[in-house]
Amino acid sequence: MAHGPVQDWREGARKMASRVIPVDVFDLVIFGGTGDLARRKILPGLYRRFRAGQMPRDARIIGAARSELDDAGYRALVAEAVREHLEPEKRDEESLAAFLETVHYVTVDARGDAGWKELCALIREGTVHAFYFSVAPSLFGDLAERLRAHRLADGKARIVVEKPFGHDLESARELNRTLARHFDESQIYRIDHYLGKETVQNLMAVRFSNILFEPLWNAQYVDHIQITVAETVGVAGRGEYYDKAGALRDMVQNHMMQLLCLIAMEPPYRFDPDAVRDEKLKVIRALKPLTARDIVRGQYDAGPGIPSYREDVGNPDSFTETFVAMKVEVSNWRWEGTPFYIRTGKRLKARASEIAVVFREPPHAIFGQPRDGQGNVLVIRLQPNEGINLWVRIKEPGPGGMRLVEVPLDMSFAEALGPAAAEVPEAYERLIMDVIRGNQTLFMRGDEVEAAWAWIDPLIADCESCGEPPILYEPGSWGPEESAMLMHREGRRWREIRE
Ligand code: NAD
């Protein structure tokens, strides 16, 4: 292949992708270290950082949970988790054996005194120590309290808190108050793993390091924005939690609002944790209130060989929504008149998350081109195939006259990087390394979480009190027909999304 600027760029990008800057030596305690999240995401992620040379060999990973295990037993569990959840090309037995030497285990009771002395003995004075709360949210307060009581909540300590962060404004406030009794805000890392995705950060890079997009990034040039988070799975296995939560709490209050914030926020004065989070907070505060009548709520029905949601959760009367679609408006100077349409659901046609920024049509069509509002679209794809595409209209090649065709300009890494794309850290890996580095930019601040609840609480209360059941939809569809109508009414349509 001939060398040129593009080829040079690709080589540069490949080198960058494999460049790792090791973090300082740390002790990381995973409360709930035998649980599902630890086995699927946290432990395989740490191994990947170890194998890449980012996690130092003298770091310590300390599993802490209720099961009676010793170091050897836990190492066997960790090895099994790595083998089960990482493809063969992402692991090798030699580095896995070296990784396991960093792994320890203590049996600890978050609600009692058992195990805490042993835990204290494993944590080295002077090293960064992080405590990952990968346990049920009802234990977060107990853990914070015991860390303080055992003098582990010192200035070197950081805590990582999983979702859900409360189930409404009051419970989120209470949790913030409890954590604040024992830790400073600068020590609290509230995880939203969507923020750890490569493309989400690339979105900020594209917006704020190019002159090309920002001048157009407003109501004058953006017709509307679509945010879709679609899953093909149902709720089996998580039914008990989900039936009390629903899509509004489980997806919209956190992941979707975070994505909306990153699209809508003003440029922060610096890429600094508080500067970024201040701007996100302003967006949440500018959201127009919604009522149950403004949104589409759906629930998946049974399909051939597929149980209905109500069967999945064993609650024949459940009114819990597994799908929502809504038009959200940001009341500020930049966005007045540009709607944000968001939709999320389970048992939909494809597993895909994407954001589409749909630009307005040029003021005058000199080529007589169709004015279907799909000419220029910036598509930010979070999964699968993370990447960013900018759709532009060009002339269809050939002698057929001036016919126009829409083509994507591919800004995604995957194609440029080739096999090196597999080295790009996944969300959890990146976020845990940020905790060790002490960088909170990609974590939610307490006031952000409260503001998000303050906006969504009245909407949830209205949905619960209106007495209307969610609309049933066919599994494998794009949700209730009313979701398409929400767009059609305003002369718009959801973009076709494929896996
Ligand atoms: P899990 O039920 O699989 O594991 C719970 C862990 O907590 C186990 O290791 C158990 O030993 C430990 N534990 C329970 N009671 C304890 C006590 N009294 N003292 C010490 N340890 C105790 O849960 P999970 O699915 O791994 O979820 C953990 C957290 O992560 C939850 O807050 C959940 O909401 C959140 N989360 C999980 C996922 C996921 O995919 N599993 C995704 C997002 C968020």
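Glycine too: its Cβ is placed from the backbone N, Cα and C atoms.
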* Of the candidates Asp168, Asp250, Asp372, the one that TrEMBL places in the substrate site of His193, Lys197, Glu231, Lys346 -> Asp250
* To do: Scan Gly32, Lys197, Asp250 for binding-site residues whose C-beta lands under 6 Å from an atom of ligand 1 and note them, or write none.
  => Gly32
* Asked: Between His255 (active site, proton acceptor) and Gly32 (NADP(+) binding site), how far is it from one CA atom to the other, in Å?
  -> 23
* Asked: Given Asp250 (substrate binding site) and Gly32 (NADP(+) binding site), what distance in Å do their CA atoms have, once rounded to a whole number?
  -> 21
* Asked: Of all the binding-site residues given, namely Thr34, Ala38, Arg66, which is spatially nearest to His193 (substrate binding site) at the Cα level?
  -> Ala38
* Structure fact -> Mean per-residue pLDDT in the domain 'Glucose-6-phosphate dehydrogenase C-terminal' (204-495) works out to 93
* Using DSSP reduced to three states, classify Gly32 (NADP(+) binding site) as helix, strand or coil. => coil
* What is the one among the binding-site residues Asp36, Glu231, Asp250 whose Cβ has the most other Cβ atoms less than or equal to 10 Å away? -> Asp250
